[in-house]
Every structure is written in C-alpha cells, then in structure tokens.
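Undergrad: Okay, here's the structure, questions in a sec.
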Amino acid sequence: MDYLDLGPYSSASGTVRLPGSKSISNRVLLLAALAEGETTITNLLDSDDTRVMLDALGKLGVRLTRDADTCVVAGTRGAFTARTADLFLGNAGTAVRPLTAALAVNGGDYRVHGVPRMHERPIGDLVDGLRQIGAQIDYEQNEGFPPLRIKPAAITVDAPIRVRGDVSSQFLTALLMTLPLVKAKDGKIVVEVDGELISKPYIDITIRLMERFGVTVERDGWQRFVVPAGVRYRSPGRIMVEGDASSASYFLAAGALGGGPLRVEGVGRASIQGDVGFANALMQMGANVSMGDDWIEVRGIGHDHGKLDPIDMDFNLIPDAAMTIAVAALFASGTSTLRNIASWRVKETDRIAAMATELRKLGAVVEEGPDYLVVTPPQRLTPNATIDTYDDHRMAMCFSLVSLGGVPVRINDPKCVGKTFPDYFDRFAALAKA
C-alpha cells in the first residue's frame, strides 16, 4: 500500500488559495446542463467527484468544453438527449443523488452505479420520494441502495412529496433541483420533510444556486418547500465556484496548531457554504481567527499554555468540517464532545467508527456512540502512528494535522484525497515547517 510520512513539524504559516467547492461544483454542473443557454464556469473543482459528473453528463449528450481555467456547458433546456446510458459515478454522493432524480423524470432507460462503498450508501429515501410522483426505479442488488435501474415513466404530481431529512440532505437537494422540470396542475410542487433535516446549510447552497439559474424555491422553516413546476432553468452566463469551505478547515486548524499566521483565500463572510462555521468552532476552542469577505486567517491559540480549549458542540450543521475538530481535540486541554454527527455513519466510510479507531492509535481515549464522539487527548501523542484512511479523503486530510504536534505520522493511501483535493499534501507541506 502507498503511504506518506509527515513531520514532525513545529509550525505552519503562509497563504493557500482553495480549490473550488465540491458541493457547489457538482450542483452547478447539473444546473448548467439542465438550463437554457450556455454557462461558463470558473474555478470548477478538478477532482474524482467532479470528473465522474462531467463524464456522466457527456454520456447523457451534454456538450462540454474544458480548459485550464473554465468549463463551458451547453444547456439541454431541461432534457438529456441520450435516452439510454450506463453511468459509473464512483463514490460521489453529490453526483449519484441529484442525477438519479434528474434521470427519473427524463423518460429514458439508465443504469446508475459506483464503487462498492457507494453500493452501501443509502438512497432509498430519495427513491421513495421519486416513486411518489410515478418514477420507475428498481434496485439491482440490495433494497435501498445502488446500483439502480431507471426506466421511462409517466410522472404526475397530485399531492405533496414527502422525504426523510434525517439521513442525508442530498435526498432533498436532489428533489429540489429536479422538480422544476416536472409539470403540475397548479404550477407548484410541495415537498415536506419528515424528521429533523440535517446539514441544513447544504440545502441553503442548493436553493441559492437554483436562484442563480432563475428558479426560486419558497420554504416554510426547514420542513416545507414549494418549488415552481414546469419551468426552465436559465443560464446566468458566467458563474464562479467559490473555494471549498470543508477543505479550508484543515488549513485553519493548521494555523491554530502551528501558530500561523495562516490565511485561506476563496471563502469568508460572503460564502454561501455552511462549513465556514468551522471558524467559529475553532474560535470557541481558543484560536485567534479573523475574517474578510473571501478570506479567513488564523494566528495560533490565544492561551499561554498553547493548548486548545475542549469543545462540546452540536455539529449537525457542519458534519464534514467537524471531522477536523475531532483531530484538533487531540490538542485540547480536556475532553471534547462532538454531538449530532449520525450522518458520519453513511459517508465515504463509517466515519464515527474510523475516527475512533485512528484517534486511539495516537493515544486518545475515545467513546463512540450512535451519533456522537467523546475524545480525551493523551498527555503526549503517540509518535510514528500509522493512520488508515478507509478510501476516505477527509480521513487522510484530517490526520495530516497530527504532524504539527511534534511527532511523525504515516498516512496510508494518501492518494484518496483525489476525491476532492488532489494536491492537498503538496499544499500542506508548503506551509508546515520543522
């Protein structure tokens, strides 16, 4: 197995320009493909997850032109021209869920599948929602999971669509993005959410991007959404993808642990991504954080003892960035508790189990619950730990931070960061100093 040895490092400082947001990139690609007109996208993320979306759109007949700086998408005016396609979507939830919904109303015969882990990630709640409007979707293997066969169907809406919100917000995102393509008698479609909606900021991203493409969603709190029916997305002409706020979390934490100053550019106060809230969590732990419209800077920890404060926090709104807090908890002066992180269980790996296992390798005492993690840091980090990454990009990036604790660490399968941030370790090494 490939591995990468990091550290020991004693400081981290500098400036990093973030790659484009994965969540925004794949949403914008699909909206541009479904829109009327041509869209020029700048700062599109170049990663495994965006490549599978681009490949799928190409197979569906979408004309795409890409160079080093831009991606130009010729919209299909709401209907893919390819009526049959076999689509491999890797482990990209941001591609599988929205594309499944769009294909279900497109009137073709499609197969959607991915890597083995994707076939363990639930999609049943989305399929149930789509079946309520007549979609014909079959499971090839296990009920509730990909691979899927999608067949032509007569789509009709005569009642509110109900969808669970407590497993993944991507099911609701997929419905919201697709339903404008569907006709309804009174010109609108109501979606009602069962249970508490998790990861609400990601729904906010979806709604804001739909607005950029000319479609306005009304919402009543986070339980009821009204989508205009039978309308057409319109290209905004040009759209820039802001930096990835989840990826920012590793560098911001490095600025705290390594003294800084460390500035990330591409996200800030003006960001539409909820994961900029990570900066607030870091401030609660005692880090010195400042922020502009499109930058965030961290200058070490505001304590003489040099340790972060422990944190007890509900991370429902920022589950991805919360992984970075779990590793930062190794550097705290006491026990930290991460609550409401059940969605970790159905991500690229079971992140609660994986995080607990790897933190223990570094000497931490960890209590693992169904939707929480309690981390008590060791007196001293265990040097030369070998961290398994479970083919999960965020596990690899999070645990790079251990090297700032003055101990070397080995990261197995470092190339898994290709899912969202292919040159992460080069960027990290340029900022970390022995």
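The backbone N, Cα and C atoms fix where each Cβ goes, and this holds for glycine too.
Feature list, courtesy of Swiss-Prot:
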ACT_SITE  ASP320  active site, proton acceptor
BINDING   LYS22, SER23, ARG27, SER168, SER169, GLN170, SER199, ASP320, LYS347  3-phosphoshikimate binding site
BINDING   LYS22, GLY93, ARG121, GLN170, ARG351, ARG394, LYS419  phosphoenolpyruvate binding site
Undergrad: List the recorded positions among LYS22, SER169, SER199, ASP320 whose C-alpha is within 10 Å of the C-alpha of ARG394 (phosphoenolpyruvate binding site), in sequence order, or say none.
TA: ASP320
Undergrad: Select the closest residue to GLY93 (phosphoenolpyruvate binding site) from the following binding-site residues, measuring between CA atoms: LYS22, ARG27, SER199, LYS347.
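TA: The smallest Cα gap between GLY93 (phosphoenolpyruvate binding site) and any of the binding-site residues is with LYS347.
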Undergrad: Do you know offhand how many angstrom separate ARG351 (phosphoenolpyruvate binding site) and ARG27 (3-phosphoshikimate binding site) by C-alpha?
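TA: Between the Cα atoms of ARG351 (phosphoenolpyruvate binding site) and ARG27 (3-phosphoshikimate binding site), the distance comes to 24 Å.
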Undergrad: For the 3-phosphoshikimate site as recorded (LYS22, SER23, ARG27, SER168, SER169, GLN170, SER199, ASP320, LYS347), determine the largest distance between any two Cα atoms, in Å, rounded to the nearest integer.
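TA: Largest pairwise Cα separation, rounded: 18 Å.
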Undergrad: Given the binding-site residues ARG121, SER199, LYS419, state which is nearest to ASP320 (active site, proton acceptor) when distance is taken between Cα atoms.
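TA: Given the candidates ARG121, SER199, LYS419, the nearest one is SER199.
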Undergrad: Translate the DSSP assignment of ARG394 (phosphoenolpyruvate binding site) into the three-state scheme.
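TA: Helix, per DSSP.
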Undergrad: Given LYS419 (phosphoenolpyruvate binding site) and SER199 (3-phosphoshikimate binding site), what distance in Å do their CA atoms have, once rounded to a whole number?
TA: 20
Undergrad: Report, as a single number, how many Cβ atoms besides its own are within 10 Å of the Cβ of ARG394 (phosphoenolpyruvate binding site).
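TA: Its Cβ has 29 other Cβ atoms within 10 Å.
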Undergrad: Out of the binding-site residues LYS22, ARG27, SER199, LYS347, give me the one sitting nearest to ARG121 (phosphoenolpyruvate binding site) by CA distance.
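TA: The answer is LYS347.
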Undergrad: Roughly how many Å lie between the Cα atoms of SER199 (3-phosphoshikimate binding site) and GLN170 (phosphoenolpyruvate binding site), rounded to a whole value?
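TA: So the Cα of GLN170 (phosphoenolpyruvate binding site) lies 9 Å away from that of SER199 (3-phosphoshikimate binding site).
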